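Engineer: Quick one: the structure is below, questions incoming.
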Amino acid sequence: MNILLANPRGFCAGVDRAISIVELALEVHGAPIYVRHEVVHNRFVVDDLKAKGAIFVEELDEVPDSAIVIFSAHGVSQAVRQEAKRRGLKVFDATCPLVTKVHMQVARASKKGTKAILIGHQGHPEVIGTMGQYYNEQAGIFLVETVEDIANLPIHHHEDLTFMTQTTLSVDDTSGMIEALKNKYPAIQGPRKNDICYATTNRQQAVRELAKQAQLVLVVGSKNSSNSNRLAELASRMGVLAKLIDGPQDILPEWLDNVETIGITAGASAPEILVQSVVAHLQTLGATSVANLVGCEENMVFEVPKELRVREVK
């Protein structure tokens, strides 16, 4: 039984930055540091930061006045920012810069009075934050999850219209949605290329290559991780048994029946230590070789806030 590792896999630049912001804030200011929502969607990462003194909350009313709070990588609405300012909270913003780019697109549409359509998953923190950048009551922003949602949009063809997407979607699904939007609204405007982030795109391409050679694909990532779920779905669509796991403890021996090659990848919020723990566990179950697929190199780095960067240099 062989193990094949996808490349690239695991942490992206936005996740690296978000985790660094929490760790550096704890180092500079000491515990407790409050974090609104899980800074990234991975249970292992969140538990590790809790042990270091981070306190995770869902809403700002759980944060004491004048405390330090970090916004998660998924971003927040303008209403949340305004509440933090009103209460005198010191904020470090760990929003992924690629999410911030989408926020700016929405804010521009709102300012111009252009109706906006967001392709995304209802209830996901990134979507909530992105929708919350639109404040023009004379126009509006609409969320669509399916082609059927697009067919039912109550927007006239002659209206000014723009679209944007959640950054962690399936590339294949999103291209079909964009095509449906352009068919219904030929004059619709949008980004020059879709908003799906480089890391999501790269990991989806890597899992395609993995699924061509493996009979089982294990995706290391938490159940609430959008990009991890998309990786498992993509491998499954290619006819391969695919399982989303938090770690080696989730692996069932029967998954390995008649399997010669196991492919392993990890979502953008899953640390490499979890991948290696899965490899080690599979070796105890009979895996004899480990190889890395050749994939694209990622060199993207996002800087942490200046106040924390000074400390980082020291």
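Glycine too: its Cβ is placed from the backbone N, Cα and C atoms.
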Engineer: Looking at (2E)-4-hydroxy-3-methylbut-2-enyl diphosphate binding as recorded in Swiss-Prot, which candidate out of SER20, SER110, SER269 goes with HIS41, HIS74, HIS124, THR167, SER225, SER226, ASN227?
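Structural biologist: Record check against Swiss-Prot: (2E)-4-hydroxy-3-methylbut-2-enyl diphosphate site with HIS41, HIS74, HIS124, THR167, SER225, SER226, ASN227, extra candidate from SER20, SER110, SER269 is SER269.
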Engineer: Starting from the Cβ centroid of CYS12, CYS96, CYS197, which together make up the recorded [4Fe-4S] cluster site, report each further residue of the same chain whose Cβ lies within 8 Å of that point, ordered by sequence.
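Structural biologist: Here the nearby residues are ALA13, GLY14, VAL15, ALA73, PRO97, LEU98, VAL99, THR167, THR168, TYR198, ALA199, THR200, ALA268.
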Engineer: Grab the isopentenyl diphosphate binding residues from the record (HIS41, HIS74, HIS124, SER225, SER226, ASN227, SER269) and give me their largest CA-CA distance in Å.
Structural biologist: 15
Engineer: If you compare CA-to-CA distances from CYS197 ([4Fe-4S] cluster binding site) to each of the binding-site residues THR167, ASN227, SER269, which comes out shortest?
Structural biologist: THR167
Engineer: Can you figure out which of CYS12, CYS96, GLU126 (the recorded positions) comes closest in space to SER225 (isopentenyl diphosphate binding site), comparing Cα atoms?
Structural biologist: GLU126
Engineer: Measuring Cα to Cα, tell me the gap between HIS41 (isopentenyl diphosphate binding site) and CYS12 ([4Fe-4S] cluster binding site) in whole angstrom.
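Structural biologist: Just about 13 Å between their Cα atoms.
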